[in-house]
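The structure is given below, and queries will be raised subsequently.
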Amino acid sequence: MNVRAAAANVLYLVVDKGHSLSSALPAAQQTVRPRDHALLQEICYGALRYLPRLEMIANQLMDKPLKGKQRVFHHLILVGIYQLSFMRIPAHAAVGETVEGTKELKGPRLRGLINAVLRNYQRNQEELDQMAVSNNAGKYGHPSWLLKLLQDAYPQQWESIVDANNQKAPMWLRVNHQHHTRDEYLALLKNENIDSTPHTEAMDAIKLAAPCDVMKLPGFDKGWVSVQDAAAQLSINYLKPQDGELILDCCAAPGGKTAHILERTSGSEVVAIDCDDTRLKRVHENLKRLNLQAKVVCGDARNPQEWWQGEQFDRILLDAPCSATGVIRRHPDIKWLRRADDIAALAELQSEIFDAMWTQLKPGGTMVYATCSITPQENVEQVKAFLARTADAQLLDSDPDQPGRQILPGEEDMDGFYYAVLTKTRA
C-alpha cells in the first residue's frame with residue numbers, strides 16, 4: 001500500500017475513531033513494504049505531535065472541510081503538510097506520493113484538490129507556518145485543557161514538559177542481570193559499534209545514542225536485554241524485592257516490571273495480574289523470551305477475592321491505570337484521545353484499586369504506588385488521600401506534604417513517572 005495512504009488511514013482511525021496508535025499503526029505496517037515501516041511510523045507520530053498546527057494550515061487552504069467518507073482525505077492532506085514542513089523528503093516526492101495515495105483510498109476525484117492544497121502550501125509556507133503558531137494549541141501542540149492542567153500544576157516547568165512531549169523518545173535498554181552485568185553488556189554493544197551510555201540511577205538501564213532494530217542487539221533473542229524506559233526501571237529501586245519473597249505486580253501488562261523483578265531476585269514467587277486478557281499475552285511472550293516464570297492472572301484488581309485465595313504479599317507493585325500523560329513523547333495519540341474529565345474518573349479507579357490491594361499486603365510489607373502520569377490528582381493527591389483514610393499506612397522516603405517522587409518528561413532523558421513507597425504498620 002502507498003505509505004501516505006496508510007498514514008492517512010492511521011490518522012483517521014486515531015483522530016476520528018478514537019483508536020490507539022499502538023493498535024492502528026502495527027496493522028497499517030502490515031500493508032506496506034518492510035523497508036517503509038520506519039517512514040510510516042515517522043509520519044504518523046509526527047503528524048500527531050503537531051496535529052493542531054497541521055489542522056490550522058489545512059483549514060486555511062480549503063474552502064470547505066472534507067466530511068463523512070471524505071475525512072480520510074483530510075488526513076491525507078495533513079500527511080502531505082507534515083512532510084513538507086518537518087521532513088527532509090524532497091518536496092516533489094512528498095507531494096507526488098501523497099497525491100498518489102488518493103488511488104488506494106478510492107478518491108481519484110480528490111486528486112486535483114489535494115495536489116492544489118499542497119502546492120498552495122508550498123507557495124505560502126512561511127506565512128502559513130507563522131499563522132499556525134499564533135495560538136497556544138498550534139504553538140505547543142497540546143489540547144487547551146491539557147495545556148492549562150500543566151500550567152497550573154507546573155508553573156515554572158510546563159514549557160519544558162511540553163517541549164519534551166513533542167520530542168522523539170530515546171531508546172532505553174534493560175540488561176537482564178541473570179545473564180550479564182550492565183558493564184558487560186555495554187562492552188558487547190561497543191563490540192557491535194552501538195554507541196550507548198549507562199543511566200546514573202537505574203542500575204540496569206542503558207541509553208542508545210540512536211534507536212536500532214532489536215534484533216541487532218546482542219542476545220536479544222536469548223533474553224539478555226529488553227527495551228524499557230529508565231523511569232519504568234526505577235520501580236526496582238523503590239520496590240527493593242528480596243530473594244524468596246511473594247511479590248505481586250498489579251496491572252502488570254505488558255510485563256516489563258514483572259520481568260525486572262524476576263531478573264533481580266532468586267527463588268521469588270511473582271504474581272502478575274491484569275484485567276486485559278489480550279495485553280496479558282504480551283506478558284507471556286516477554287516471560288518466554290526471557291526464560292522467566294511467573295503466575296499470570298487475568299482479574300479485576302478491585303476484587304482480589306475473585307482471583308487470589310493465597311497468602312498476603314511481602315511486596316506489591318501497584319502500577320495503576322492512569323492518564324499516561326508522562327509518556328506522551330512515546331504515545332502522541334494520548335493528547336487527542338484523553339479528555340479533561342478522564343482524570344477524575346481514573347483517580348477514582350486508582351483509589352478503588354489502592355484500597356483493595358492494601359488488603360493483600362502483609363503487615364510490615366512494602367507497596368510501591370506508581371503511574372506514568374504527571375497529574376497531581378493521580379499522584380500526590382491520590383497518595384495523600386490514601387494516607388488520610390488508611391490508619392496502618394505509613395509513607396517511606398518522602399515528605400508527607402509532598403509524598404513520593406515525580407519524574408517529569410525529559411528529566412535525565414526519561415519518561416514522566418511517579419513513585420510513592422508505603423509500608424503497612426504492624427498491629
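Keep in mind that glycine also has a Cβ here, set from the backbone N, Cα and C atoms.
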Quick check on the annotation: Swiss-Prot has C251, A252, A253, P254, G255, G256, K257, D274, D300 binding S-adenosyl-L-methionine, so which of D229, D314, D319 does it put in that site too?
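My reading of Swiss-Prot gives D319 as the candidate in that site.
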Tell me whether D300 (S-adenosyl-L-methionine binding site) sits in a helix, a strand or coil according to DSSP.
coil
Considering all pairs of residues in C251, A252, A253, P254, G255, G256, K257, D274, D300, D319, annotated in the record as contacting S-adenosyl-L-methionine, what is the maximal C-alpha distance expressed in whole angstrom?
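So the maximum pairwise Cα distance among the S-adenosyl-L-methionine binders is 20 Å.
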